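For reference, TrEMBL has these:
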- 101-254: domain 'Ferritin-like diiron' (DOMAIN)
- Glu118, Glu153, His156, Glu202, Gln236: Fe cation binding site (BINDING)
- 365-518: domain 'Ferritin-like diiron' (DOMAIN)
Amino acid sequence: MSVRAADSSSFSVFLKQSDVNLDVVPKISTGFVKFSCFSSSPSSVLSLLSNGRTRGAVRCASTVNEENLVVSSGVLFQPFEEVKKEEFMVPISPLTSLARQRYFEDCESAINEQINVEYNVSYAYHAMYAYFDRDNVALKGLSKFFKESSDEEREHAEKLMKYQNTRGGRVKLHTIVAPPSEFEHVEKGDALYAMELALSLEKLTNEKLLHLHEVACTNNDPQMADFVESEFLAEQVEAIKNIADYVSQLRRVGKGHGKTWVWHFDQMLLGEAISSSSRVLIKPPHVDLDFASKFPIGFVKFSCFSPSSSSVLSLSRRRRVVRCSSTVDEENLVLSSGVLFQPFLEVKKEEFMVPISPQASLARQRYFDDCEAAINEQINVEYNVSYVYHAMYAYFDRDNVALKGLAKFFKESSDEERDHAEKLMKYQNTRGGRVKLHSIVNPPSEFEHAEKGDALYAMELALSLEKLTNEKLVCLHGVADRNNDPQMTDFIEGEFLAEQVEAIKKIADYVSQLRRVGKGHGVWHFDQMLLHEGEGAL
């Protein structure tokens with residue numbers, strides 16, 4: 001420690017890491033920095049005291065006479081006496097929060113519970129997004145709405161995680177249960193059923209937030225109460241009103257006549273303006289789908305096709321298909337090359353029949369069950385890795401860890417893995433598969449390691465997770481290859497494999513650098529490098 005006088009009235013205390021002997025920490029099981037008094041005078045001297053080996057403190061002595069500290073109002077205020085109290089002592093143990101003050105365990109636990117609520121609701125909304133994005137549902141407005149809702153709930157969870165660290169609490173992520181993958185309802189239809197479920201989830205979330213606020217009030221924590229009020233309560237009421245309006249609108253149009261109007265409702269959510277002049281052009285034709293119930297497994301089969309207006313659609317009860325008849329003479333369809341191509345005969349084959357059942361995918365072609373299941377497994381892998389990285393972000397953002405570069409790195413990594421999961425969900429729907437989200441196990445909340453330190457230990461764990469993810473991606477590629485699915489192999493190669501190798505190399509470099517610098521002050525410099533990465537040289 002060195003002291004330098006900036007001028008006659010003030011001075012600055014500069015701490016050099018190399019000058020601080022932290023060997024006293026293991027000798028003192030519970031240590032505190034305790035200020036017996038404080039003065040802006042350069043005559044102040046810091047000294048480390050040990051109080052019975054269970055009370056380690058740094059005491060600040062000064063030549064200032066506290067008895068003479070009387071403000072102009074005549075009221076005596078003695079801050080240097082006040083800070084002697086135990087509640088103002090500053091811990092020196094690296095395992096104890098420095099920022100924690102008047103933050104009780106009930107509040108800490110309640111915040112963690114609310115994080116779990118927000119994360120589970122986000123996961124349920126992500127499942128709804130996947131459902132409405134299917135080719136045989138194709139309600140893009142609802143899909144967009146639930147995707148944005150999922151992102152918003154996850155942001156709420158992250159906001160709570162940030163607050164937990166701000167108050168000196170410890171984030172502990174819980175297991176996330178698997179949400180349903182089907183949202184069709186016989187009486188209500190999928191749109192109304194999903195929106196009613198969303199309304200119930202928002203009301204449940206509001207109830208949990210009110211309980212969280214009550215915990216804050218019970219523990220006389222006005223700062224936590226203000227946080228819940230300003231960041232959540234008003235917004236939650238608006239969200240409930242918004243979704244309640246949607247439920248009322250969907251109930252008004254009904255399921256039967258509302259088949260057309262549900263589509264208009266979806267377009268409203270999608271944000272496309274439907275003017276009166278264009279409404280006729282984009283209004284879908286009235287289609288009576290009641291016949292579909294008579295044919296549990298139905299197909300639209302084109303016996304031939306012609307752009308001619310003489311083409312006629314007819315329903316074949318024997319094959320449960322819609323046939324397209326035409327006056328075109330197929331035998332005369334010879335290309336200029338002299339090679340006979342008869343597309344209207346080709347499309348008679350069973351693999352080209354188009355399902356008419358509302359439960360069957362219209363887009364699915366040469367997409368086998370093994371591939372569908374493997375994609376769902378990979379979604380689960382990406383989501384679990386994202387969850388672990390989110391736990392790492394919370395750890396390094398703590399006030400007694402305060403490695404902001406690592407916190408930033410793992411937050412970005414968590415977001416990236418979730419983006420990967422969403423990309424796989426989108427592909428599953430593109431191919432006509434069905435997204436089925438799995439449960440997500442709770443990750444660890446502590447990443448300290450006695451020999452390696454937390455930075456190296458967490459980065460080595462990240463490297464292992466990236467290698468595991470790569471192994472799963474290679475297996476996914478193998479499933480696609482064995483099922484002779486070149487489109488799926490191309491998707492995996494183009495979107496994941498090359499990027500995954502680069503991610504492994506990047507994190508491997510970080511591990512090597514952290515091993516080189518050890519647990520000393522080099523970790524701080526490494527953290528600064530991560531914090532300012534992309535901003536140019538420090």
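Residue positions begin at 1 at the first shown residue.
A Cβ is built for glycine as well, from the same backbone N, Cα and C atoms used for every other residue.
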Around the Cβ of His156 (Fe cation binding site), the count of other Cβ atoms that are within 10 Å
23
Where does Glu202 (Fe cation binding site) sit in DSSP terms: helix, strand, or coil?
helix
Counting other Cβ atoms within 10 Å, pick out the least crowded of the binding-site residues Glu118, Glu153, Glu202.
Glu202
What mean pLDDT does the predicted model reach across the domain 'Ferritin-like diiron' (101-254)?
92
CB within-chain contacts under 8 A for Gln236 (Fe cation binding site), separation at least 6:
Glu202, Thr205, Asn206, Leu209
Neighbours of the Fe cation site Glu118, Glu153, His156, Glu202, Gln236: Cβ within 8 Å of the Cβ centroid, same chain, sequence order.
Val117, Val121, Ser122, Glu152, Thr205, Leu209, Phe232, Ala239
Reduced to three states, what secondary structure does DSSP give Glu153 (Fe cation binding site)?
helix
